[in-house]
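One structure is given below, encoded as structure tokens.
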Amino acid sequence: MSAASYYGAQGGGGASVATTRFTPADFKYNGRVALALIPCLLTVATIGGLSVLACLTVGAMVVYLMDALQYREGAFSCAWLTLACAYITFSLSLLTTSDAPIVLQLCMMFSALFLCGLTGMWGSLQFKWLQMQYPAAAIYFERCVLTCSLPLAAVMHSLGLATFVDYSDVPFYMAVLLTALYYALGRPLMSSFYNVKAGPAGIGGGPAVGPEAVVQTRADGALMAGLVAFLPALTYAAVHWVVLFVPVHVYSMLLLAGGMPLTLALLPGGMWWLAPAPQSPVNARAAGAAVDDGPSYGNTPYIATPSKGFAGLLRKGILATALLVALIGFEGRIVFHGFGQYIKLPPPWDWVAVTFALFGCAVVGILHLTGALGASVDVTMAGSFLLLCTTAASLAAGVPFQWLPAPLLAACGLSLFYESRSLREYMVFVVGAFLTLLWFMLQHFWFLDIVIGGFKLHTICKLAIAALVPALTVPGLIVARANGHLIGGLMVAQAVLVCLIEEKLFAAGHEDGAPEPMYPGWLILATSMLGLAAARILTGRGRLTPLASWLLHSLYGAKAAMLLIPEAYLVLPSALLLASTLAPYFFHGHSWLHNAPAHSASAGSLLAVSAAPPPGAVVSPVPPPRVRRLRLAPWQGLAHVLSVFVCVILSRFAIFDVVQFLISARPTEGLLLGCLFLVFAACLVPLASHCYGGTGLVARGAAGLGLVGLLLVLLQPPLPLAGGARCPRMPLSLSLCPRLWDERHVPMHSAEDVEIWGRGLSRREHWPRWMLIAAVVAGMATTGGGGAAGMAGVIAIQRRRTVVARMAFGAAAGLLVGSYTALELLPSQMPLQVLITAASIVAVMFVVLLSLPRAGGPVALPALAVLWGTCSGLALLLHAELPVPMERANSRLFPDSKVQVEREIYRATKASLLAVVACHSLLMAFALKLKMTSTLRRRTAAMTGRDANGAGTSMTSPSALLCGIVPSSVFTNYCAMLKLEGAGGMALQRLQAEGLGWVPSLGNILTITALALGLALNCFLNGGMGVPEGIFMLAPILLLLSQDPIILPGLTERQRYCPPMGAISLYLLASGVIQAITDILTPNGPAAQAGLPPALYLAKELGLAALAVPHHVLFLQYLWTLMPRRWGLPLLVAAPVCILPTVMCDVPALRFFGAVGAVVAVLQYFSMKHVRHVGMKVI
């Protein structure tokens, strides 16, 4: 029974069990699901283009920000909305740009829809509130994510692989990737929400794990296993359909068709679905499962690889059949097709000898795996048979008589070791196998004078022979339970040699002029997976030291980097980065890397069977790994940070190559520096999360570095050439050259364009961008003490930061932003630069003071607002009076169009001024709105003499609204309009207690100012009344309006959507009418081109627009009152009338006016219907 069906049981006695067995918890399989879904998302972004990538990136940033600001429901909604937008963008891009058949496009759209749904479910599982409020949905989402990710990844990964590798190699890459995915997701996984400690105890005490804990059912496991077993072979058949019956392709099909089921049969728990799980709970501790550890196969001890009964017989039959088919394919595709030139026997004796050798060794292997060897079959007889197989293989390979004892000695030593488990006999096998492979190298490769990747072939042969020593020795040492330091040292040496050999061979096949790849990429991926699996299993068994395990994970994980850019030799820098990143997991505390399936009773791998001790041997228990502390000493944390920094610096050339490969151009220096910062921040994340719990100086520093790196990537400011790409001038004529880049890695510098083209309108160095970056850092420091949930808390600014210090940071941030704005947007205009800089400083100081309780006082903040208005107004007025600056570069570049250049400069500076002032007013209005919101949320302090019945009413002193500057007697006749009720009155009363009763009015003034400046900028840039689409982006600004006693005394929180809608309707109608009048007054204008008389043209436009006016008026009335009416159905029926102005009007604004009228009519109908339905339910 699955976990979903167990938890979802209702009624009876199971109801109480369901409530005790479910517990909200963190989703434990994020890494496994990410391995499946993130490459799928990258595939969708690659096919969909930059629009899909931008949608996913921006959406992820918004979700992260909302989650960090504790808006959990908003983050949840934004996550699903981001995925929906990404899917729509992907579908539109696919339908408009792709030339693929329509059936393939539909399949890709369905896969993308499936992917977005699974990703949304995965993201939903990260929210605890969803688990607590909707436990059934959490369990359903978990089962969908864990069972559907592998089939989806099988489809999407094949599309992604086809984009980057040859079609003929896709099935082999899929075989490796599907095996890894099945190991991660196909084997039984215990539910993240399964409460092990609840319910009855197991036999012998301790927590019990029942069969309902497993998320996947047996049918799910069988379907995933079938997909993994047969999809690579089917893909190969589809790719080579035309030449499928050529012998080499037939053998390749057989190799894939038999190799994948064989892998599943040998995988620990790979065929768990053959036998049903016991119905009774099993003691988790007795089975060796670590309950409190991370998820692993060991958390489901009641499921074992079937070895008895019908299920065991079926598994042995699958194992034997798959081995037979795989050996046939291996013999034809690998032995005779790939190494046929090294077989010396003439046909048909070559086939006879090779077949006898392969299948004879296979028979011995099957006897070992099934447990028959040593029980029903004598080991001596099997050893004699193995000796005959070795003789046949030696004859086929042409081993001379004087070298023939070497393979025979290896066979004898292996058979003796199998029975005695003695290292002495195993060393006999190692010596014999080593001499045999040494002869093979000397006979076929040693004498060739070939250079491969800068190495001569005989050097590579030496490295390969050196790598054979640990490869042959380590298995015997593991079985004999030798010292872990010796095993780890040999495995690390082998990993280093394998990385070096594979990188040289793979890069040589991708050099210019190479006929074909010398070493297949899928084999690199396969050896990386095998190395990581071996390191993980041995680490879980306690057979490797932390140092050796750390190096093995780093080397085998970095080895896959050579697939990205073979000629860049990325293995060494990737290994350095990965080693510095993973070090905290291995040297400090218990982590997920130590949790391996080897401890469970159900582990049935080949390594586990071969590692069994001989009969009668005394086995000492393996002690558990020593628990290390999770908190580091300061010097340890500093050492980790310095090691990461050094590794990033040493890997800078590799980062350069990767960035250049991704953007297909020479990167700029700012982009590269930002990437270095981002890599540095990413490498510090494991240290911050594992050792410091995601808090503290390291976590804040990593977040700050990441933000600075992102700013550098986006802004790409220039850097000095000295010390960057050129050698700086050293004192005392030293010959040193400390610089960041070398001759092969020279980034693009903006000064190069300036030296060539001069300093024209757009050809100048953007040094002020550094001010903007520094301003962001200072701004984070300014607001860093706002609270634990604030995003600005990434810098080490504590809550006890004094007001003076925060004001200083605010002034610095304002100065830097103002300087950047002035230097970039208003060059060579000193008066305007001074005013804009002063306005920026004042605006930032206003926001900072407003965020500090009682710091600004009743006079300072209004004075700052007046000062900002004065500076901004003077800047706008002076711009019309000051002459336009003309640089010599502009005259040189545009000698015949001085007037036009002056006009362009004037328009650019005026638009910049309008935009800057609008941004200032919008920032201040937003800060005032936040002040109102925080005031509403804050509890009211105890006030003496307050009437309990008047808690929602506010009677504010009139003079207090203008800070006491104007006498209250002037406003005596208007006291009645100062009486506010509801939330607005409560907020105003609390603000009045702080001397901030003017906040709502000033916020409304600034909001209206920002909207007016935005509309003015739209009209100035586009001419006339501007483009009508602009109002849809500007109208949401009016959501910042608040209830105040002077401007909007009747605006409540429920009516906040009425002003934006009113602005849209009024602007579209007014601009449309003005544009229609302008059209009839313009000679040869649109009215004349339409062929209508001016009066008839105007009547047509205004009459069609009048059809949509009632819908707008009724919708605005409904937004203000929120009262359902009886005329909802007639309103919906009359909505098609608004289509007439949308279709027949010639003025764009009136067309938008009609379309909006139709949309609001439909929205109003359904909203009124919903309100009525809710009201009837309440009744």
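Sequential numbering from 1, following the chain as shown.
The backbone N, Cα and C atoms fix where each Cβ goes, glycine too.
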Exercise. If TrEMBL is the reference, give me the range from 546-567, 1030-1051 marked as transmembrane segment.
Key: 1030-1051
Quiz item: Looking at the transmembrane segment (568-587) and the transmembrane segment (670-688), are there 3+ C-beta pairs under 8 A, with each pair at least 6 apart in sequence?
Solution: yes
Quiz prompt | Outside the transmembrane segment (1063-1082), six or more residues from its ends: residues with CB under 8 Å to it | solution = 1011, 1015, 1024-1026, 1028, 1031-1032, 1034-1035, 1038, 1094-1095, 1097-1098, 1101-1102, 1105, 1109, 1112, 1116, 1145-1150, 1152-1153, 1156
Practice problem: State the residues, same chain only, that lie 6 or more residues beyond the ends of the transmembrane segment (803-822) and have a CB under 8 A from a CB inside it; answer 'none' if no residue qualifies. | Solution: 768-769, 771-772, 774-776, 778-779, 781-782, 785, 832-834, 836-845, 847-849, 852, 855, 912, 916
Quiz prompt | For the transmembrane segment (834-852), distant same-chain residues with Cβ under 8 A (at least six beyond the ends) | solution = 779, 782-783, 786, 803, 806-807, 809-811, 813-815, 817-819, 821-822, 826, 860-861, 864-865, 867-868, 871-872, 874-875, 878, 913, 916-917, 920, 923-924, 927-928, 931
